[in-house]
Ligand SMILES: O=C(O)C1=C[C@@H](OP(=O)(O)O)[C@@H](O)[C@H](O)C1
Ligand SMILES: C=C(OP(=O)(O)O)C(=O)O
């Protein structure tokens, strides 16, 4: 098992940083360009393990995909030219690959099977399988299609009006992709706002969507066209450095070219409410996605309540927000976040266990976390739980602990941020 020991340090964060490309947008770019006709160039594609699972799935269906430095070059030949893979597709640890690809595989006239690692095999798939079945999909799997492995007897689906039961961009996106391949019109109605990258990016590939409040409509039978795009920096990766600079005294850091889509910047709202000194400036758009720089200075934080509509917007950032809350005066209450129990690991239990091991005073709720601040963190030995976001939270904690932090199974960080430790070393001085 890969282990790292991070020594306690008096260093601060200074200078500038560019975090890798956005994971959600990279997955979508790989999918849309692989379904497209023509050659797409995707600059700043995230080559983390999760996005490479999506790439590999399409390679198995015969799409020629090259990696050229930080760019992905996808030679799409169109939906009808995809081949049936001769062996099962491995979705690895990636929920986004599993859910979005389910929407695609259900609607292609191919037989495919897919599986995942131990963590992904525990995560709920019925949230996509059941609504796809309403469109006529023929999907079978473990526990009635609730769990991977799944088998897709792909076919032409029929358009359907979906009223979503979970606040999930993965489910929304899977159904929009299935709708794009289906006959007739598909409508997806959300129960709350979730990240909208699918809606932002599909039109860049020439696919029409109609958005009316929480209802998104897509006509079936559309063939995407190749597009050249640039992926903005991932705010979910930047989040670790935003918190690091906020809680490490005398820090001053700028993170360049980060995606600042309003459905993703809840972390900035949460930290500002805690008293963090953060400035952002949107200086450009890539496609329809706003991109800007984030400037952070260390400051004293206070506890907050985080709940309701904002939760889907910060869902992946809750572990690192919880670490920030251990360094804030007063109590932080995070609620309405039961979804955390369905991520790479049960992130409520993982965050509570990890932070308490380091010396914090944190409690689990059924749907959230209570953090009693401010705590002096001692350090200690933790396990990433095989969850990249827990591993990175532990690494950032070492900046404020009085003793070293040992992290077992740190390699899972390659899932979303392969250059994380290099970047951390680069900005510490
Ligand atoms: O659509 C996406 O790219 C994602 C949506 C979120 O999951 P849910 O859709 O399950 O909320 C998020 O947690 C995940 O990291 C990426
Ligand atoms: C939950 C995450 O990803 P996924 O659902 O794609 O595994 C994440 O990156 O935090």
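Even glycines carry a Cβ here, placed using N, Cα and C.
Together with 23, 24, 28, 168, 170, 316, the 3-phosphoshikimate site in TrEMBL holds one more listed residue from 7, 185, 335, 343, which is 343. Sorted by the number of other CB atoms within 10 A, the binding-site residues 23, 123, 347 start with 123, the lowest. For ligand 1, none of the binding-site residues lies close by, meaning a CB under 6 A from one of its atoms; the full candidate list was 28, 123, 347, 389.
Using a 10 Å Cβ-Cβ cutoff, residue 343 (3-phosphoshikimate binding site) registers 20 neighbours. Note: residue 168 (3-phosphoshikimate binding site) has non-local neighbours 99, 127, 194, 312, 339, i.e. same-chain residues 6+ apart with C-beta under 8 A of its own C-beta. Among the binding-site residues 24, 168, 347, 389, the residues whose Cβ sits under 6 Å from any atom of ligand 2 are 389. Only 343, of the recorded positions 24, 28, 316, 343, have a C-alpha within 10 angstroms of the C-alpha of residue 123 (phosphoenolpyruvate binding site). Around residue 389 (phosphoenolpyruvate binding site), the same-chain residues six or more apart in sequence whose CB sits under 8 Å from its CB are 236, 316, 319, 320, 343, 344, 347, 416, listed in sequence order.
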